[in-house]
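One structure is given below, encoded as C-alpha cells.
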C-alpha cells in the first residue's frame, strides 16, 4: 500500500516538473483576401464554419471545425489543412490554449484586512467582492492603496453632538474641532434619553473617521483624520445658533458636514437667515487660511412627500456641496429629492432588501440602521478629507471642480442623464454621478488652483408678467457675460443663480426651468402637491450646476408653467414680478493645461521633396462600423464613412454607430443620426409632431405626438409611460387615472372622484359643485352637518329638524303614515310623556302630576266649595286654558 502511494507521489512530482505542453483547439484564425464572400466559400470548401470577422481586424476571420478534436496535444491533420495552400489565404494559425491567471482584486482585500467585526458588512467599500450587488466602486480602497487615509485633515459634524469617548471615535477625537452651542461649553457629548434621540451626530462621525483595527465596530473612510462635533440641533435652532456653528474655528477645521435642513414635507421653502448667510461668506473668504471652508450638505429626504431640494436654501447655496444618495443597485431611493444644485452621489441604503450602512451608535454600540442622505454627507466629507491630504492647498472651488471632473454616471439609473455643452454628464437625481475617491486623490495631487471667481449679474427689464394657467411663460435675456467689465467677465460657467420674486395663489402648482445658451435645461422647480402656500417666492435664489464649464454668453431663457392640481379661481393669476440672472465662473479656462494646449496654433508640416505621397497613410484594419470608403485609423472615430449611421458633426467630431442613441432618429437616406426635436427622447423625424417618447420632466401628447411640460385639460399624466392620457368624458380634470376626476365638465357634479349629473342619496350639492357626504345620521340631506337632514338614516329618528338616535327629554315616539317613526314634543309642562294629551309621566319644576296632566302647584289654597264644584263639574282641569285655576286645591278639597 505504501509503495503504491509513493509511486503516485513521484509521478505527480515528475508531471509537475515537466514543461507545459501546447494544447491545440479546433479553432483557427486566418487572413483571407477577397472579403466575407470569399471567406465563406473557403470555409464551405474545406469543411469549416466561418464565425465571422475577428473584432475590428479587417480580412481576419474566425474558423471552426466541428470534426476536429476540441483539445489535442498535437496539431490537426486531414484534408481540411490544405486550406493553407489556397492562394487567397495569406496567413493561418490553429489556436492554442494559453494559461492565464485572473489578476482580480483579491490582493486588495488581503491588503486591507481589518479586525473590526463589521468590516465584512461594509459592502460600499468592497463592490469588487462578488458577494455584493453593487456594480461600481467609490474606489475608497484605491485611495487608501495610494497612501491617503485623511492624515492631518480635520472634519466636524454639525448635529446633535458626538459621543467623544466611543471606542471607535476616541483616538481620533479632536476637542479643538468641537463645541456645544446648545449648552455653551466645549463638550459636544449628546444628551442621553431612553429613546436615544440624539444619536444622529455620532452615527455620522463614525462614517468619517472611525478608528481602524481596534476590534470594535467599523472602519471610517478617513480613518486617520481628526473628528469633532458641534452640538447645535438639541435645542431651539435659530439663525444665531446656525451662524455660530458655521463659525467654529474655521482656521482649524477643514470640512463641515451637515445632514440636516428645513422640513422635507413638500411644502416648506426655507434657508439660511442673514446671520448664517454672512457666516457662510466669511468662512469661504477667511476659512482654511483664505482657501475657504468646505461645507458638505445632505440633499434631503423628502422624496415621498414630493419635495424638491431647490426649496432648501442650504443645498441650493453655491457655498455648499450638495450630495445625493443611491442604492447598491444604482436605483433611486424612496426618500431622494431631485434638484439642479446636486453635485455628486454616494451609496446609502434604500428599501429593506437593499444593503445597509454600518456605523457607530450611542452607548459605545454599532448600528446598521443609518439611512437617507444623512449617510451621504459624512461619507463625502470623508472622501474629500482624502483629497485634502493629497493636496492641502485646494480651495473650496477646487474641490467642487474636482468632483465635477471625477464623478461618474456608471450604473446609476435615471431618465434625465444628459451631456452638457462642456461634455459633463449630469442628472437632477445624482448630479455628476457616483463619487470616485481614487480618481479624486489622483487628480488632486497634480491640481493647479482654478482662476479667481468672477460674478456677472444680468438684470432684465423686470416688468410684471402674468402667469396664465396651463400656459408656458417664457422670459429671456441675452447676456454679454459682462465682457466690458474685466473684473466681472465670465467666460466659463460654474454656478448659475436665478433670483425670482413671484406672487401666486398656490405655490406648489409652479414648474420653473432655465435654458442656457447652449441648450442645457435645468429644472429649477417641479410641482409640489403638498405646497398650498399663497406666499409665492420673494427674492428666492434657485441654483444650478448643470451648465458647469459651458460658455456664459448668449440667450438665457426662464420658463414658468402654472399647472393647477386643484380647482382654482381663474381670477387669481400668478405674477412674475422680477428676476435676476447671476453667473459665476472664470474669465479664462479653469484648467490651465487645457487652456494652454488650446492656445497653441497648429504649425503646418513642410512638404518633403521627392517623398512618397502616401507613405504616412494608415494601412491597418478599420472598425466594423466603417463603410466602403475606409478609414484613417483603427477607431470608430476614424471612419471616412459609415456602414450604418454617423453621429455628431464636423465641429464636435463624428463617429459611426449601429443604432442612433436616445434623442436622435435614423435618417436612413443620408445614413445620419439626426437630433430629435427638443424634448423628444425617441422620434421618427425632426418635426415637432414626430415624438414617440419624451425626456424626463416632459410627457408625450399622443394625439399630437408632441412633448409637453404638463398635460392639457381633460388629460392626466400616466407616469409609467410618461404620456398624457384622456380623462373620462365627464371629467374636466383628473388625477392618475382616467376616471379619478378632480373637477367636472359643466352640468356635472363631482361625487368623490366621479362626475355625475345628480348627487346620489346620502350626498348633497356643495357651493363648489361637489357632491359631499351627508352627516351619518342623514339618509338624504340639503346641506352639511346634522342640521341639514331631510330624511333620517336607519336607526335614527326625526326630531324637529334633526335626526337623533333616541328621542330627547320632553319628546315621545310616534309612527307616521309612511311607517317611519318620529319624535313628537310632549305638552309644554311635561318633562316626559308617552303619547299626546293626558300622558305625562313627569312634570317640569313648579307643576304637579294629576291624572296624566301637569298642573301648577301651591295656588288658591283658600278656594271655596262652590268654585271647586264648578271646576270639577265642568272638568276644567282637563282643559289646557284652565289648568292654572286651583285644580289641585279643588281636587284635594
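Every residue gets a Cβ built from N, Cα and C, even glycine.
The signal peptide annotation in TrEMBL covers 1-17.
Residues within less than 8 Å, Cβ to Cβ, of residue 159 (active site, charge relay system) and separated from it by at least 6 positions along the same chain comprise 200, 201, 204, 229, 230, 231, 232, 233, 258, 259, 260. Here TrEMBL flags 159 (among others) as active site, charge relay system.
As annotated by TrEMBL, active site, charge relay system applies to 200 (among others). Of all Cβ atoms in the protein chains displayed, 22 besides its own lie within 10 Å of the Cβ of residue 200 (active site, charge relay system).
For residue 374 (active site, charge relay system), the same-chain residues lying six or more positions away in sequence with a CB closer than 8 A to its CB are 200, 203, 204, 259, 260, 298, 301. Taken from TrEMBL, the feature active site, charge relay system applies to 374 (among others).
The domain 'P/Homo B' annotation in TrEMBL covers 449-589.
The region 'Disordered' feature in TrEMBL is assigned to 599-618.
The feature domain 'PLAC' is assigned by TrEMBL to 856-893.
Confidence for the domain 'P/Homo B' (449-589), expressed as mean pLDDT, is 93. Counted with DSSP, the domain 'P/Homo B' (449-589) comes out as 3 helix, 71 strand, 67 coil.
Under the three-state DSSP scheme, residue 200 (active site, charge relay system) falls in the helix class. According to its DSSP assignment, residue 159 (active site, charge relay system) is in a strand.
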